[in-house]
Structure formats: C-alpha cells, structure tokens
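Asker: Would you mind keeping the following structure in view while I ask a few things?
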C-alpha cells in the first residue's frame with residue numbers, strides 16, 4: 001500500500017522538463033546529422049518531389065464511347081458469298097465502356113421447333129429407349145428428352161429431344177478464325193474526363209488534332225501516341241499476344257487510359273497515356289473453357305408463317321476501356337501538414353541518439369548523470385530552514 005502511495009505521489013507531485021546537454025562526440029554527432037539528413041531527404045525527395053505533398057489531389061470522372069470501322073468478305077459453302085460490316089460483327093451495337101468484335105462463329109441455319117436426335121456425347125448416346133429418360137433436360141442438353149432412342153446417323157443412335165432442330169454442332173471451332181480479317185479493323189475511342197475539385201475537363205481528341213489527321217492516323221506508341229484510333233491487331237500485339245490465335249476462341253482485352261495531370265503546369269501538358277493488356281490471360285497448364293463466346297439468334301418466318309431462326313455461336317474479342325488517373329494542384333493546407341510532419345520526424349534523430357548515448361555507449365552512466373538532474377521542491381526546503 002505504501003509503495004502504491006509513493007508511486008501516486010510521484011505521479012502527482014513530480015514534473016520533468018527537458019534538459020539540454022551538449023555532448024562532444026564524433027560518433028554521436030555524425031549519427032545525429034546522418035539521421036537528420038535521411039529524414040530531410042525523405043521529406044523533400046519523396047513527400048514533396050515524388051508524391052507532390054504540396055498538392056491537393058482529385059480522382060478522375062470519365063465517360064467513354066467507341067466506334068468500330070472495317071469491312072471484310074467471306075465465301076463459304078454454308079453462307080456463300082457474304083460481306084461483313086460493322087452492323088454484322090459488333091454485338092451489341094453499344095455497350096458501356098466496352099465493345100465486342102465478333103471474329104469467329106458457328107452457324108446453325110434454318111432451325112425450327114420440333115423433334116430431332118440430340119447431338120452425340122456420353123450423355124445422349126443410346127442403344128434403346130431404356131437409356132433415355134422422358135422429360136429430362138441436362139445442363140448441356142439442346143432440349144427436353146422425349147424418352148425415345150432414334151438414329152443420329154447410319155452408325156449411331158441418340159436420345160430424341162424436343163428442341164430447335166437441327167441441334168447445334170459446336171464440337172469443332174473454325175480454324176483459322178472465320179473473320180480473320182478483323183485484325184485490320186479499327187476502333188475509335190472517345191474519352192471525356194473531368195476533375196470536379198478543380199473544375200477541369202478535357203478529352204483524348206486533343207485540340208491540335210484536325211479532322212484530316214483523325215481520318216488518316218492510327219495509334220502508334222512512337223509515331224502517333226495521341227491518335228485515338230487503334231488497329232485491332234496492334235492492340236493485341238502490344239499486349240504480347242497473337243491476334244489470329246486470340247480470334248479463334250475469343251478473349252478480353254483492356255485498353256487502359258491514364259490521365260496523370262499536374263494542374264500547376266499548363267493544361268496542354270495534361271495528356272492521356274495508353275497501355276494494353278489481356279484481361280483473361282490464359283494459363284497454359286489449366287486451359288479449361290478458354291476464350292470468350294456467347295449465342296444469339298436471328299428469327300424470321302417463312303411464307304406459310306412458320307417460325308425459323310439462325311443460331312450463331314459468336315467468338316470474339318471484347319475490348320474494355322479502363323480510365324484512371326489523378327490530378328494535383330497546389331494547396332496550402334496539405335503543404336503545411338506535410339511540413340509539420342517533416343519537422344516532427346526530425347525529433348526521431350534526437351530520440352535515437354539519446355537511446356544510444358544513455359543505454360549503449362561505454363560512458364552511459366556518466367551521460368545519464370549529466371542528462372538527468374533531480375531537484376527538491378524549493379518552497380519545502382525554504383520552509384524547513386525557517387523552522388530551524
């Protein structure tokens with residue numbers, strides 16, 4: 001109990017104040033200046049120069065529109081002589097911050113609703129009706145089973161289904177890609193950005209770009225780094241991939257636009273920087289369900305009124321436009337905060353040197369005597385002398 005009272009009395013009735021002790025030591029002096037120099041280098045070099053700690057920052061607000069251009073010709077036994085333009089291979093016509101270009105397809109023509117044999121696989125091949133379950137429809141089925149086993153061809157039987165007939169055969173993807181000429185199609189990306197804190201806006205079609213230049217330029221990282229028109233084959237090539245390989249099974253490409261703007265400088269120096277990468281990077285060792293594809297159908301009716309459709313399994317490349325960036329402008333508040341933080345950090349040098357001097361050096365006890373001095377209460381001492 002007495003010990004607790006002594007501790008409490010020391011806490012309540014004792015006061016400590018810093019004491020300045022000048023220690024003439026080359027080791028401690030050099031270490032103190034070295035730590036202070038490192039802190040100054042961090043504050044000036046990293047905080048103010050690299051991170052621009054004197055600026056207020058804002059994140060970009062962006063909108064993107066895209067437009068594809070290009071025409072190609074195909075001549076096949078199934079589709080015949082056919083011209084493909086933007087309305088055929090851009091699906092859907094408009095997306096938010098992305099565009100899908102169809103590069104390959106599997107077409108199943110003249111489908112009607114009826115009864116037909118399922119496409120053969122390990123689930124649909126049968127020998128008799130006993131192998132088919134009436135009313136079943138698996139995840140990969142083309143329709144609903146009737147429970148009958150019917151000939152698929154001269155050598156094989158499969159379960160009959162109620163479906164759009166004939167059923168799709170997507171066992172083999174066309175190689176090379178059906179629309180391999182899409183490599184030379186172009187994509188115009190129009191990007192408008194806004195920094196609300198600074199009420200600053202700009203677009204990637206820069207003020208010096210003329211209509212004549214825009215109709216003739218194509219993006220090149222060296223010769224035309226600010227042209228907003230991109231050749232599809234070049235986009236994939238910049239990401240380190242082959243367009244013709246990617247066109248077969250499809251994939252997803254990212255077009256990244258970075259707006260890093262220092263608004264303390266001229267607005268004309270705030271420029272977009274483009275980069276490209278594949279977003280669905282394939283793992284060669286785990287190549288399950290690769291690429292990007294989906295199905296859609298075109299419906300029509302014959303003269304008798306019967307409904308037909310053409311089913312298309314579309315493979316292609318989806319281009320996602322990803323816009324990011326920050327802008328900075330001088331502001332006194334972050335400047336003063338970072339200066340204050342830097343001055344506070346300088347105290348670390350004193351603390352570190354105190355620890356070494358008082359606890360690590362050979363003359364630590366001597367330095368402690370010089371560092372700490374205990375003084376009794378002057379008023380109490382004066383009262384005691386008067387009593388005597």
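Glycine too: its Cβ is placed from the backbone N, Cα and C atoms.
Those TrEMBL annotations? Automatic predictions, nothing curated.
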Asker: Quick one: sort out which of 339-361, 362-384 is the transmembrane segment according to TrEMBL.
Answerer: 339-361
Asker: Between 17-33, 34-50, I'd like to know which one TrEMBL lists as transmembrane segment.
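Answerer: Within the set 17-33, 34-50, TrEMBL attaches transmembrane segment to 34-50.
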Asker: Name the residues of the same chain, 6+ apart in sequence, whose Cβ is under 8 Å from the Cβ of residue 68 (ATP binding site)?
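Answerer: Once residues fewer than 6 apart are set aside, residue 68 (ATP binding site) is near 86, 89, 90, 99, 101, 185, 186, 187, 188.
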Asker: Output, ordered by sequence, the same-chain residues six or more apart from residue 293 (ATP binding site) with a CB under 8 Å from its CB, or 'none'.
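Answerer: Expected: 249, 250, 313, 314, 315, 316.
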Asker: I need the least crowded one of these binding-site residues (67, 69, 313), counting other C-beta atoms within 10 angstroms of each C-beta.
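Answerer: It is 69 that, of the binding-site residues 67, 69, 313, has the fewest other Cβ atoms within 10 Å.
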